[in-house]
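A short worksheet on the structure shown next.
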Amino acid sequence: MKELFPIKQVMGFVFSLILTAVALLVYFVDMSFTAGMTILLVTAFVQAGLQLVVFMHAGETEDKAAIYSNVYFGILVALVTIFGTLLIFVWDM
Amino acid sequence: MDFFDRFAVPHPSFLIYASMVAIGLTVIAVLVGITYFKKWDYLWREWLTTVDHKRIGIMYLISALLMLFRGGVDAIMLRAQLAIPDNKLLESQHYNEVFSTHGVVMILFMAMPFIMFFFNFVVPLQIGARDVAFPRLNAISFWLFFMGAMLFNISFVIGGSPDAGWTSYFPLAGNDFSTSVGSNYYMIAIQIAGIGTLMTGINFITTIFKMRAPGMKLMQMPMFTWSALISNLIIVFAFPVLTVLLAMGTMDRLFDTKFFAIGDGGSDMLWANLFWVWGHPEVYILILPAFGLFSEIISTFARRNLYGYKSMVASMVVISAFSFFVWAHHFFTMGQGALANSFFSITTMAIAVPTGVKIFNWLFTLWKGKIEFTTPMLYAMHFLPLFTLGGVTGVMLAMSAADYQYHNTMFLVAHFHNVIIPGVVYAMLGGLTYYWPKMFGFMLNERIGKWTVWLMSIGFVLAFIPMYITGLDGQARRMYTYSEATGFGPLNMVAFIGAGIMAISFALLVYNIYYSVRYSPRNIGNDPWNARTLEWATHTPVPEYNFAVMPQVKSTEAFWDAKKNGHEIFKGKIEKIHMPNSSGLPFIMSCIFFVFGFSMIFSIWPLAIISLLGILGCLVYRSFEKDHGHYIPVEEIEETETKLRGAK
Ligand code: HEM
Ligand SMILES: [Cu+2]
């Protein structure tokens with residue numbers, strides 16, 4: 001019975017509900033813009049990672065390496081794009 | 001406004017009306033022809049519903065050649081207008097429409113489907129697979145691309161063409177300055193085709209990772225497959241940017257959002273920024289498969305294995321990352337400071353290094369090779385020096401301070417044609433000649449083929465080298481005319497003559513196809529070039545299932561090994577083969593996409609909503625459809641195999 005119960009998925013589900021609730025606080029609680037954005041960014045990325053690992057089963061098959069390298073490559077490209085754009089439009093305009 | 005007024009062309013001319021009539025008559029002729037010869041059933045069964053990667057590939061090829069013709073006619077018009085000072089052939093508005101269409105058609109609807117043709121036709125055969133990972137998705141990719149291309153192409157007779165350049169910069173492309181529906185066509189047609197491309201990217205990465213023949217390790221894949229893998233990887237990371245960018249542009253134009261507005265919190269410069277975040281990787285998406293094809297061609301006809309396989313792979317991997325780090329070199333003059341410009345200058349120069357590594361690898365492959373000058377090899381030999389010239393001028397442009405001089409002049413135009421024509425177009429035409437016998441069972445005529453190459457290069461040099469000079473002298477790009485006092489006249493006349501010679505070369509290519517269909521010998525066997533990789537190990541014509549027995553691979557050049565060292569590729573006996581079923585859904589859904597796009601362009605909301613529901617309906621249908629494919633029984637395979645072996 002123990003093997004059949006998807007404990008990891010249930011925990012993941014509860015955790016993702018908590019993350020959603022925390023993100024909602026930004027709307028209902030009065031806080032500064034920076035604090036709000038920080039909470040939103042952190043919860044959003046943790047949420048995305050959770051979905052990928054727990055519910056989309058990244059890392060459970062033999063192409064674990066390929067999947068994670070793709071994810072890391074995507075993160076690299078996104079960061080370079082964002083910081084490059086900030087460099088062009090904000091820091092050095 | 002009367003409902004039908006919106007479909008009128010805003011800047012009509014005799015030529016446009018003539019094309020309208022010509023298009024109408026051609027469509028009627030095609031429909032009547034198909035009906036008269038009773039080919040509807042054949043067309044539907046064998047082509048419109050097919051999920052076979054080889055047939056989808058051939059449909060990409062036909063579309064690409066048609067679009068090459070369309071874009072080529074545009075090019076001749078542009079060069080004719082500039083051939084003499086103060087020319088009155090095209091008005092400024094028409095000139096703008098023609099160069100915008102030329103750029104979009106050549107990059108997105110000619111070069112892209114051409115590489116898709118090679119991905120589709122070659123990759124599964126090269127890795128010893130029976131189809132791609134998701135055959136049905138592959139058909140959707142093709143039909144979405146096709147409908148996007150057709151939608152874009154009708155713009156000049158219905159509602160007016162886009163006229164803000166292939167880069168479609170805001171604020172020019174916004175509603176204030178582009179009042180016709182032209183820029184709506186740009187946003188929506190490219191969006192539809194782009195979604196297809198994105199799906200191809202996912203499809204081929206999966207295919208290459210999961211469906212290689214037993215024994216083929218990643219580092220044993222043929223170089224073209226490597227280039228396809230990297231190119232598709234870049235597609236998956238770059239095309240979402242285009243999708244978002246076009247969606248934002250669409251909303252600005254149709255729903256009055258302010259993403260790219262001046263003021264109201266928007267920024268027009270954001271368009272240029274995001275456009276090139278996609279745009280620069282895009283040029284590498286095009287050039288990498290070209291490099292892959294040249295690698296195959298050069299090693300086949302130098303009769304040597306490729307020099308520096310590992311460094312070739314490494315340089316492509318480096319390029320795949322670096323192609324995302326350089327985009328701002330397209331707008332050094334936009335107003336950002338020296339720090340930002342220096343950063344992007346350095347990354348741009350750095351990306352020239354792996355590109356140079358590849359040039360040296362090809363040279364070392366040729367070194368001491370037994371070179372055989374076939375037509376594909378001739379394309380490769382013309383590519384090497386001409387492309388190097390384009391790379392060198394690229395590095396000149398990469399110096400941000402110097403670029404203030406070159407930017408938006410004919411010098412830049414010369415640079416990118418110098419890399420795209422000898423790089424991408426030569427690879428496409430050389431690769432087409434190379435794979436032609438595998439597709440159709442006969443070779444293209446070598447003599448006419450070599451004439452084509454030489455004329456193409458002569459035309460190219462005459463058409464584009466003068467632009468470096470007039471560009472340095474200050475001739476701006478996208479100007480519809482210039483005065484005699486500038487002195488640009490004579491060199492522009494030379495460029496026009498060069499363009500004419502390139503047109504003759506294209507005509508010769510078409511003639512070559514006609515000539516070879518009629519006179520080329522048919523008993524050429526499976527391996528007419530004495531090649532090295534798996535695609536030549538199966539029969540010609542390639543049977544539906546590609547390989548009756550899955551090949552066993554032990555080296556990078558499995559087929560060469562089999563021929564020289566007697567290593568057996570096809571071990572084991574024939575078993576029944578599982579194949580995917582054909583489906584009409586991709587075609588039907590893409591037709592609905594066409595209607596959806598059309599109604600969005602003209603803001604016909606009820607129709608847009610109905611067609612959107614239609615698309616959703618297709619998706620729902622697919623989710624509940626039971627389709628397990630079918631098996632080809634052993635007897636049938638054996639029958640086909642004997643027949644094909646006999647036909648040799
Ligand atoms: C050695 C490698 C290369 C370098 C250093 C390089 C550098 C540059 C730079 C700096 C520009 C912008 C210049 C300006 O706007 O003033 C540019 C434009 C361009 N390059 Fe390259 N390039 C290279 C290779 C390629 C390749 C391989 C392709 C395509 C296959 C390509 C296609 C283009 C296109 C299409 C444009 C201009 C697009 C437009 O503004 O309409 N380049 N290149
Ligand atoms: Cu670039």
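Count begins at 1; order follows the chain as displayed.
Any Cβ shown, glycine's included, is placed from N, Cα and C.
According to TrEMBL, the feature transmembrane segment maps to B:14-37, B:58-84, B:104-125, B:137-158, B:185-205, B:226-248, B:313-332, B:344-367, B:379-399, B:419-436, B:448-469, B:489-514 (among others). Per TrEMBL, domain 'Cytochrome oxidase subunit I profile' is recorded for B:38-554.
For the transmembrane segment (B:226-248), the list of distant contacts is 115, 118-119, 122-123, 187-188, 190-191, 194-195, 197-198, 200-202, 204-205, 208, 257, 259-260, 271, 274-275, 277-278, 281-282, 284-285, 288-289, 291-293, 295, 312-313, 316-317, 319-320, 323-324: same-chain residues at least six beyond its ends, Cβ to Cβ under 8 Å. Only residues 6 or more beyond the boundaries of the transmembrane segment (B:489-514), in the same chain, are considered here, and those with a CB under 8 A from a CB of the stretch are 68-69, 72, 75-76, 79-80, 82-85, 429, 444-445, 448-449, 451-452, 455-456, 458-464, 466-467, 469-470, 482. Packing against the transmembrane segment (B:14-37) from elsewhere in the chain are residues 43, 154, 156-157: each is 6 or more residues past its ends and has a CB under 8 Å from a CB in it. Across the domain 'Cytochrome oxidase subunit I profile' (B:38-554), the prediction's mean pLDDT works out to 93.
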